[in-house]
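Some features that Swiss-Prot has for this protein:
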ACT_SITE  Lys172  active site, proton acceptor
ACT_SITE  Glu179  active site, proton donor
BINDING   Ala1, Val2, Met3, Gly4, Asn22, Arg23, Ser24, Val63, Lys64, Ala65, Asn91  NADP(+) binding site
BINDING   Asn91, Ser117, Gly118, Gly119, His175, Asn176, Tyr180, Lys249, Arg276, Arg434, His440  substrate binding site
Amino acid sequence: AVMGRNLALNIESRGYTVSIFNRSREKTEEVIAENPGKKLVPYYTVKEFVESLETPRRILLMVKAGAGTDAAIDSLKPYLDKGDIIIDGGNTFFQDTIRRNRELSAEGFNFIGTGVSGGEEGALKGPSIMPGGQKEAYELVAPILTKIAAVAEDGEPCVTYIGADGAGHYVKMVHNGIEYGDMQLIAEAYSLLKGGLNLSNEELAQTFTEWNNGELSSYLIDITKDIFTKKDEDGNYLVDVILDEAANKGTGKWTSQSALDLGEPLSLITESVFARYISSLKDQRVAASKVLSGPQAQPAGDKAEFIEKVRRALYLGKIVSYAQGFSQLRAASEEYNWDLNYGEIAKIFRAGCIIRAQFLQKITDAYAENPQIANLLLAPYFKQIADDYQQALRDVVAYAVQNGIPVPTFAAAVAYYDSYRAAFLPANLIQAQRDYFGAHTYKRI
């Protein structure tokens with residue numbers, strides 16, 4: 001409801017009159033009461049709501065993904081005309097969007113599955129928008145979406161036509177997977193700095209402030225520096241009194257499931273999903289901590305040197321994560337015939353969304369130079385960073401392993417990097433085993 005309200009207010013602020021409807025009359029009245037003088041027109045029946053719109057109608061749905069979306073569409077259909085456009089701005093599973101697009105197209109309606117990133121504030125002030133569906137229908141809503149989208153530093157709006165049917169929601173799903181990876185990498189950096197150097201929250205805030213002024217400049221690093229200094233009403237640092245269980249809404253899981261379907265090695269992002277799952281086993285972990293032994297963390301040595309190693313490890317880990325995510329976009333584009341423009345996708349992530357970061361411009365540049373590049377690690381800029389920073393990543397992972405500090409995504413970054421650059425892997429033995437017990441055959445070199 002909040003996302004829908006904020007998007008309506010955003011659209012209204014750009015000079016449009018907006019018809020609004022909610023199943024709950026009270027919710028509709030609440031929005032009107034809280035926003036006097038706005039060009040928001042309330043309707044209390046679906047029929048009146050639909051009939052208030054000029055044709056072709058442009059209807060933005062902001063409902064909980066799943067059966068609720070189908071129910072909302074079914075309630076609208078009796079009052080729609082051929083050519084009307086439904087825009088689903090929820091966190092919808094892309095296969096559902098493909099199905100709805102197919103079904104509605106058969107009835108003469110247009111359907112645009114649209115990823116919206118930026119949270120409640122982004123919805124109000126300007127989100128990153130990822131629309132997918134009929135190109136001709138997108139052209140009819142593009143003027144509105146362009147006006148309400150976030151604007152990057154170069155003045156470009158953070159919206160672009162992604163591709164047919166479920167492409168927009170797919171890109172939003174992978175965006176969320178990358179977000180999981182970013183957040184877990186940052187959490188592991190925090191754990192290393194606390195465990196290895198015993199940094200105070202003030203020192204952590206200072207470190208992240210410095211990081212945010214360099215290569216790691218991003219929304220997530222920016223908010224993390226603020227989190228470290230936030231105190232509760234009792235004067236305690238808030239981060240220290242928050243239970244160490246990270247919840248999830250399932251979009252990271254969808255990204256990993258799709259990777260398995262496509263045969264894509266999305267190891268870092270998948271480890272970040274598993275890290276949330278194991279964090280949720282709090283009672284088991286507390287019990288296991290009293291039974292299972294491991295090394296006590298030893299000081300990590302020179303403070304400035306270790307902080308710089310962790311910074312480099314974090315940046316290279318982030319690059320590996322995005323390389324995996326964009327490789328998956330490439331595989332999905334081929335599988336679903338979407339013809340995705342990876343450079344444009346990186347561009348619309350530069351503002352408004354949760355993963356907005358300075359280095360996204362480097363991704364756009366890499367695809368501008370070579371649109372068909374198989375993996376971002378092969379692009380000159382990222383290859384150079386890997387050359388320069390891999391030793392720091394290896395040192396940090398080795399320190400963590402020796403000192404019993406779990407770093408699943410840092411470790412996944414090293415393993416993926418070494419696997420991807422290996423001309424030969426021991427999979428020949430696995431194939432021999434498969435042939436031995438199951439007559440699966442094998443290929444000779």
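Backbone N, Cα and C atoms are what each Cβ position is placed from, and that goes for glycine too.
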Which residues of the same chain, at least 6 positions away in sequence, have a Cβ lying under 8 Å from the Cβ of His175 (substrate binding site)?
Gly115, Ser117, Ser128, Met130, Phe349, Cys353, Ile354, Ile355
How long is the line from the C-alpha of Asn22 (NADP(+) binding site) to the C-alpha of Gly118 (substrate binding site), rounded to the nearest angstrom?
22
Neighbourhood of the residue listed as 'active site, proton acceptor', C-beta criterion under 8 angstroms, separation at least six:
Asn91, Gly115, Val116, Ser117, Met130, Thr251
Do any residues at least six apart in sequence from Tyr180 (substrate binding site), in the same chain, have a Cβ closer than 8 Å to its Cβ, and if so which, in order?
Asn248, Gly252, Thr255, Ile269, Ser272, Val273, Arg276
Count, for each of the binding-site residues Ala1, Met3, the other C-beta atoms lying within 10 angstroms of its own C-beta, and report the residue with the smallest count.
Ala1
Ten-angstrom check, please: count other Cβ atoms within 10 Å of the Cβ of Glu179 (active site, proton donor), all chains counted.
23
For Ala1 (NADP(+) binding site), which of the recorded positions Gly118, Glu179, His440 has the nearest Cα in space?
Gly118
Applying a 10 Å Cβ distance cut-off over all chains shown, what neighbour count does Asn22 (NADP(+) binding site) have?
20
If you compare CA-to-CA distances from His440 (substrate binding site) to each of the recorded positions Met3, Ser24, Lys64, Glu179, which comes out shortest?
Glu179
